[in-house]
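S.K.: Here's the feature list from TrEMBL:
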SIGNAL    1-28  signal peptide
SITE      66  site 'Transition state stabilizer'
BINDING   71, 74, 78, 80, 92  Ca(2+) 1 binding site
BINDING   167  substrate binding site
């Protein structure tokens, strides 16, 4: 017969293991379908809202993708980007690096739908990640299955860090590679993530240095003339919102046309030309230009890596009731 004392000790050990397991889950990693019990319809609600907003305001899908990058590169995927200036918080949206970003107001529509279904349950940080995933689908890009959830929201913003952490329009390729590498994204995935520019646009204020006073010799001459028509002045009015799209052929589709363009010297930024010619990145560019499936595979991997950058989990941060303000 088993010693009762040993049985008691064994049972106590099992209880400790169970408690440790619960603690680990509550304070650990992101996971697939995190809301399966607390809010089973969460991901479907976000998908439906992203679709509805896309059909009403098509450019929202591009905004969700850009939000993911700007949020995750600055410290953490924690929805700090969404905070407005209030209660001692200085919004990251005030930074020059946030120039041209928009559609933040529509995040509230998604959040309100979730609050109605499951109050104070789904984080704004997970809305950023999942809306990006679903926005990519609306832009006819790949369906990325493995986006984990369980992020929590920051209680502050990092305006002072945005200038150094978000690449500038004229940053070198080495600088951009270094930025991505610092958050665990390798060169191949970096090249793929830059393919998001296939649905982007560049404002003339960030482009004219390649056109005036003389045309950058790395630009295709006929394309440069087209760009000068889009940006007819060397000193454009930033409030006039003059711009050119990265991809004229399929401007609202996430595809490999971006790589075909930059190989033909039709990129808008200096980094586009560097990407197509630098020996560290040129082989990946050529392969992505030739194989859209390979681009989708690496783009999906890059988005997953980006979305898992240093998230707040467990007891860290909070679940904001309104994504614009701390609780």
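Cβ coordinates are placed from backbone N, Cα and C, and glycine is handled just like the others.
TrEMBL: automatically predicted annotations, no manual curation.
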S.K.: Cα-Cα, whole number of Å: residue 71 (Ca(2+) 1 binding site) versus residue 167 (substrate binding site)?
M.R.: 13
S.K.: Would you list the other residues of this chain near Ca(2+) 1 - those whose C-beta lies within 8 angstroms of the C-beta centroid of 71, 74, 78, 80, 92 - in sequence order?
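M.R.: For the Ca(2+) 1 site the neighbour list reads 70, 72, 75, 76, 77, 79, 81, 82, 83, 154, 157, 158.
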S.K.: Here's one to test understanding: among the recorded positions 66, 74, 78, 80, 92, whose C-alpha is closest in space to the C-alpha of the residue listed as 'substrate binding site'?
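M.R.: Out of the listed candidates, the nearest Cα belongs to 74.
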S.K.: Can you give me the same-chain residues 6 or more apart in sequence from residue 78 (Ca(2+) 1 binding site) with a CB-CB distance under 8 Å?
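M.R.: Correct list: 71, 125, 151, 152, 153, 154, 311, 312, 317.
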S.K.: Report, as a single number, how many Cβ atoms besides its own are within 10 Å of the Cβ of residue 71 (Ca(2+) 1 binding site).
M.R.: 27
S.K.: Taking only the Cα atoms, work out how far residue 80 (Ca(2+) 1 binding site) lies from residue 66 (site 'Transition state stabilizer'), in Å, as a whole number.
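M.R.: With distance taken Cα to Cα, residue 66 (site 'Transition state stabilizer') is 14 Å from residue 80 (Ca(2+) 1 binding site).
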S.K.: At the Cα level, what's the spacing in Å between residue 92 (Ca(2+) 1 binding site) and residue 66 (site 'Transition state stabilizer'), rounded?
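M.R.: Checking the Cα atoms of residue 92 (Ca(2+) 1 binding site) and residue 66 (site 'Transition state stabilizer') gives a distance of 14 Å.
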